[in-house]
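Colleague: Sharing a structure below in structure tokens format, with a few things to ask.
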There are 2 protein chains.
Amino acid sequence: MLSEFSLIDRFFARRAARMRAAGSAHGDGVKDVEDASRGATLGIGDDCALIAPPAGEMLAISTDMLVEGRHFFADVDPHALGHKALAVNLSDLAAMGAKPQAFTLAFALPRADEAWLAAFSDGLFELAERFGCELIGGDTTAGPLNLCITVFGSVPPHVALRRDAARAGDDIWISGTLGDARAALGIARGEWHADAGDAAHLRRALERPEPRVALGLALRGVAHAALDISDGLAGDLMHILERSHMNATVNVDALPRSAALSRLPPEIQRRCTVAGGDDYELCFTAPVHARASIEKVSHNAGLLATRVGTISAPDLAAAVPAITWHDAAGTPLTLTLQGFDHFHAD
Amino acid sequence: MLSEFSLIDRFFARRAARMRAAGSAHGDGVKDVEDASRGATLGIGDDCALIAPPAGEMLAISTDMLVEGRHFFADVDPHALGHKALAVNLSDLAAMGAKPQAFTLAFALPRADEAWLAAFSDGLFELAERFGCELIGGDTTAGPLNLCITVFGSVPPHVALRRDAARAGDDIWISGTLGDARAALGIARGEWHADAGDAAHLRRALERPEPRVALGLALRGVAHAALDISDGLAGDLMHILERSHMNATVNVDALPRSAALSRLPPEIQRRCTVAGGDDYELCFTAPVHARASIEKVSHNAGLLATRVGTISAPDLAAAVPAITWHDAAGTPLTLTLQGFDHFHAD
């Protein structure tokens, strides 16, 4: 086993080295021990990699572990898995307003299947190359399939998009559309049905989420608080409210959705947009005077940004923050506790 | 499951917060967004943590994944596992001459066993606190037991102890003793026998390796190349030779060993010291004129450092580097290919 896994290490290391060389050729990825402010000084092959953020910036760091049977199916397309494993980490950088710089990859594999690994690494490196994010180290071992990526980006600390920065009166914005990934899961499970074209669109959202890196960078100094929606809007927005000590009001009918999702029954649209999970869109708050700026920077990032609600100061008597949900007519809606999956009108 | 795992997250986050608060109280871990050069500006609870190395230094980064059945037994003492999971990562920092700063922890667990987690986190945080290494983020999920730690240290790039810096004429040094962990494994497997006292000593080396952080820091500017011995001296020294394009000569009888290991048969001593694995001692090279300095800094770090061989320039015709092994009498020994486990005299 050792020699097989050692070969895999070399396979990934070679690919990383090619990317490194290509970066140098473009003149934007020069690796030089004299210059501590650019890229990685030392990548794969030593006890540690050595990196530093540009002068005056900090490293933003996030780690995610993906497990077979929980985060993906055993028969997942390995190219899509390679894409998604890195995409969900880049999404955390986007939510911080950080610029991707590097990542480490640790994984356990039940066996060394070269075709599977080739497709997986293609999916991974295609995304890494697109965002100039260099593989600087990792670990490979035999074991039940498990992927752990730690990603590094750079951001000046004063413009980092934190969860604790929402202010009363802020608009709540959502990038792109919500709910497609959850709809794809429901279709895969046979819970719901869509025609082949819609099902393919929804499945793509589940398998190949696009990290909103350009938007995150453009929101530096414009947005107040931000996060990426990975567990569903209802749960994730609560993280902003808890950290910012604020309340929120959200119009569920304003939540942006794809044409494919719009062709599913309205009840399913609500479940998917409010509590879907695996969206990897940004949820952010910003002052009212920033509306025109946000529409402009979103447009430049090739995305629609949609205002879906408002941040408000909490009731002084309330110990925990609350989200007030309503429909387009202004009728309040109550979210029940069963997995955030069911609504009923009060 | 989600709520259980969410509770676990909070359990670790609280412990990290206490450590953070204690660090601030000591005046050496102040977390302030205005000061990008100290500790973590933002720890657990946002999309990313934010950290930076001190001015002029770089972040040294290493990641290790530990899997049940491969790196530890299912019935491992969870306190020891918590210690070892972080220790093997700190050992990589030591081998780079880097000062521990922070770490992330991602893990998959088959179930949320609170007693197990309490012991695991005790072992983990006791070591983290001893080295001032702050938990800044992580991920928890259900799945087959898997631990992935990524560790961050700081080092000025010019004094980092790299693998590619060995020079012809350098002495080869080993910290502490080798082979105890491999001997413990052999005893646990019933291959060999030792009395209860020796077995307990050996087992402790296997379960609670001590990262040689103080020695690594003291070797900055003194040693040329270094690494930590995790897969056995024979394999790991080869990594230095490959990266430095050098050869080595090693006296197997000079390899330092504990009293407990010295009471096992000579053939087993050789197997364990040369190709044992899980040692987490430093192997480093240094010029002859540094001998007195190395003995002094090792003594200050509470360790014995032992000279075991010499680096030499490679034969120009040879494509790959080579280690020449000999015994105390100068008789050459040949290492066979069966797992580096058997010697025979030429």
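The backbone N, Cα and C atoms fix where each Cβ goes, glycine too.
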Colleague: Figure out which of B:Asp9, B:Asp77, B:Asp92 sits with B:Asp47, B:Ser62 in the Mg(2+) 4 site per TrEMBL.
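Modeller: The record-listed residue among the candidates is B:Asp92.
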Colleague: Can you tell me which binding-site residues out of B:His71, B:Asp92, B:Gly138, B:Asp231, B:Asp278 are within 10 A of B:Ser62 (Mg(2+) 4 binding site) by Cα, answering none if there aren't any?
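Modeller: Of B:His71, B:Asp92, B:Gly138, B:Asp231, B:Asp278, within range: B:Asp92.
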Colleague: Which binding-site residues among B:Arg163, B:Asp228, B:Ser230, B:Asp278 have a Cβ sitting under 8 Å from any chain A Cβ?
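Modeller: From B:Arg163, B:Asp228, B:Ser230, B:Asp278, flagged as close to A: B:Arg163, B:Asp228.
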Colleague: Tell me which residues of the chain lie with their Cβ under 8 angstroms from that of B:Ser230 (ATP binding site), as long as they are six or more apart in sequence?
Modeller: B:Val88, B:Ser91, B:Asp236, B:Gly277, B:Asp278, B:Asp279, B:Tyr280
Colleague: Can you tell which of the binding-site residues B:Asp47, B:His71, B:Asp92, B:Asp231 lies nearest to B:Asp139 (Mg(2+) 1 binding site) in space, using Cα positions?
Modeller: B:Asp47
Colleague: Tell me, how many other CB atoms lie within 10 A of the CB of B:Ser62 (Mg(2+) 4 binding site), whichever protein chain they belong to?
Modeller: 29
Colleague: What is the total of other Cβ atoms whose distance to the Cβ of B:Gly138 (ATP binding site) is within 10 Å?
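Modeller: Its Cβ shell of radius 10 Å holds 25 other Cβ atoms.
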Colleague: Among the binding-site residues B:His71, B:Arg163, whose Cβ has the fewest other Cβ atoms within 10 Å?
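Modeller: B:His71, out of the binding-site residues B:His71, B:Arg163, has the fewest neighbouring Cβ atoms within 10 Å.
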